[in-house]
Amino acid sequence: MPARNILVINCGSSSLKFALVNESQDTFPLQGLAERLGSPEAVVQWQIGDTKETRQIPNGAHREALEAILPLAQEVAGGQLDGIGHRVVHGGEDFTASCLIDDAVLEGIRANAQLAPLHNPANLIGIEAAMALFPGLPQVVVFDTAFHQAMPDYAYRYAVPEFLYKEHAVRRYGFHGTSHRFVSKRAAEMLQLPVDDSCWLVAHLGNGCSTCAVVNGESRDTSMGLTPLEGLVMGTRSGDVDPALHIHLTRTLGWTIEQVDNMLTRESGLKGLSGLSNDMRTLHEALESGHAGATLAFEVFCYRLAKSLAGMACALPQVNGLVFTGGIGENSAAVRARTIEHLKVFNFAVDAEANARCTRGVAGQIQAEGSPRILVVPTNEERQIALDTLELLD
Ligand code: AMP
């Protein structure tokens with residue numbers, strides 16, 4: 001049987017990321033991004049090998065973007081496209097694994113839209129456009145939340161009245177599940193351990209950041225909660241604050257819910273603390289010239305990350321390794337080193353040379369002698385979505 005090809009689609013409200021994944025190739029034969037969908041500046045950009053191309057699709061929406069992408073994907077796949085995998089943010093308690101799309105699944109994604117009002121409707125637009133354009137192709141959905149459905153109730157329940165959980169689905173769900181699942185499996189392969197008999201602390205550090213405790217291939221706890229705002233300091237998100245903060249701001253400054261929401265999601269995190277940028281690269285440069293805000297943002301980021309990892313350790317019977325991934329986790333030796341300094345109590349220590357070597361997609365072990373294992377593992381959510389799709393096709 002020739003190697004199969006899966007088109008992976010990640011739809012936002014005005015953007016669509018895509019990648020063609022071939023099961024026997026390490027790199028994507030085609031990948032790209034459609035942006036500013038629905039506006040006169042709508043555009044699709046893609047890359048095949050080293051060749052980059054752009055096509056304007058004025059006022060084009062998701063369907064027009066997919067109409068431009070399909071012939072490309074078919075051509076690059078040599079006419080053999082085997083399926084489509086869609087990323088969906090929220091599966092609520094209805095979805096504990098990836099699944100083939102049918103009417104009941106579409107209804108389930110719609111039913112969970114109240115938990116992710118910005119994301120699920122956008123994901124649905126992409127799915128419906130793809131189904132209309134490629135009716136003969138099997139299509140699969142992969143949920144960010146599904147991996148965390150294995151968490152025990154004492155990890156996912158908030159200490160608030162029960163009816164909020166029973167009647168209004170208020171609980172911790174967790175996100176980045178596809179990434180946590182992918183990198184913990186890769187870490188087990190790298191150390192030649194069975195996935196179903198290994199325990200990991202994982203730090204996914206990108207624009208959004210979360211930690212996860214993975215036991216025998218299942219999530220036992222994670223730092224994000226009902227929404228992706230809970231937990232770590234992120235690019236522009238605050239992570240944990242006193243839950244009474246918004247009451248305080250309402251009482252003292254007269255802020256509305258929208259103002260509080262905007263401040264916590266878009267004006268906080270590294271950006272809010274540094275007063276400079278949400279981008280860790282910019283903060284590293286500013287740190288070198290002694291920028292006080294950048295220094296504070298870096299220190300708070302690393303300390304809060306270490307504190308979260310120490311908390312996640314409660315969910316593990318043992319630690320086979322600590323895994324760093326995501327744009328910051330895969331590239332910032334400084335963040336890894338500083339975070340590990342706060343985890344001395346677990347005997348974690350980094351080897352400076354190995355730490356410096358693991359950047360720009362280089363995977364490896366970075367622990368010093370005598371320390372539990374510390375791994376840098378590049379994440380690849382597109383490949384995990386393609387793997388899930390292939391498994392369901394089988
Ligand atoms: P992601 O969302 O996974 O693409 O990650 C985005 C984050 O990774 C941003 O905060 C970037 O600043 C950060 N990042 C990317 N490259 C580097 C680098 N070389 N050093 C530090 N941070 C980086």
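Even glycines carry a Cβ here, placed using N, Cα and C.
A TrEMBL annotation is a machine prediction, not a hand-curated record.
For Asn10, Glu381, the entry in TrEMBL reads Mg(2+) binding site. DSSP assigns Glu381 (Mg(2+) binding site) to a helical segment in the three-state reduction.
According to its DSSP assignment, Glu330 (ATP binding site) is helical. Sequence-distant neighbours of Glu330 (ATP binding site) (same chain, 6+ apart, CB under 8 A from its CB) are Phe324, Cys358, Thr359, Arg360, Gly361, Val376, Val377, Pro378, Thr379. As annotated by TrEMBL, ATP binding site applies to Lys17, His204, Leu205, Gly206, Asn207, Gly208, Asp279, Met280, Arg281, Gly327, Ile328, Gly329, Glu330, Asn331.
According to DSSP, Arg87 (substrate binding site) is assigned to a strand segment. Marked as substrate binding site by TrEMBL: Arg87.
Taken from TrEMBL, the feature active site, proton donor/acceptor covers Asp144. Within 10 Å of the C-beta of Asp144 (active site, proton donor/acceptor) there are 25 other C-beta atoms, taking all protein chains into account. DSSP gives Asp144 (active site, proton donor/acceptor) a coil state; it is part of no helix or strand.
Listed in sequence order, Asp144, His204, Gly208, Ser210, Cys212, Thr222, Met224 are the same-chain residues six or more apart from His176 (site 'Transition state stabilizer') with CB atoms under 8 A from its CB. According to TrEMBL, the site 'Transition state stabilizer' annotation covers His176 (among others).
Positions annotated as site 'Transition state stabilizer' by TrEMBL: Arg237 (among others). DSSP assigns Arg237 (site 'Transition state stabilizer') to coil in the three-state reduction, placing it in neither a helix nor a strand. Within 10 Å of the C-beta of Arg237 (site 'Transition state stabilizer') there are 26 other C-beta atoms, taking all protein chains into account.
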For ligand 1, which among the recorded positions Lys17, His176, Arg237 have a CB under 6 Å from it? none
Using C-alpha atoms, which one of the recorded positions Asn10, Arg87, Arg237, Glu381 comes nearest to Arg281 (ATP binding site)? Arg237
Least surrounded, by Cβ count within 10 Å, of the binding-site residues Lys17, Arg87, Arg281 is Arg281
In sequence order, which residues at least six apart in the same chain have a CB under 8 Å from the CB of Asn207 (ATP binding site)? Met234, Gly235, Thr236, Asn278, Gly327
Just report the maximum Cα pair distance in Å for the recorded ATP binders Lys17, His204, Leu205, Gly206, Asn207, Gly208, Asp279, Met280, Arg281, Gly327, Ile328, Gly329, Glu330, Asn331, no decimals. 23
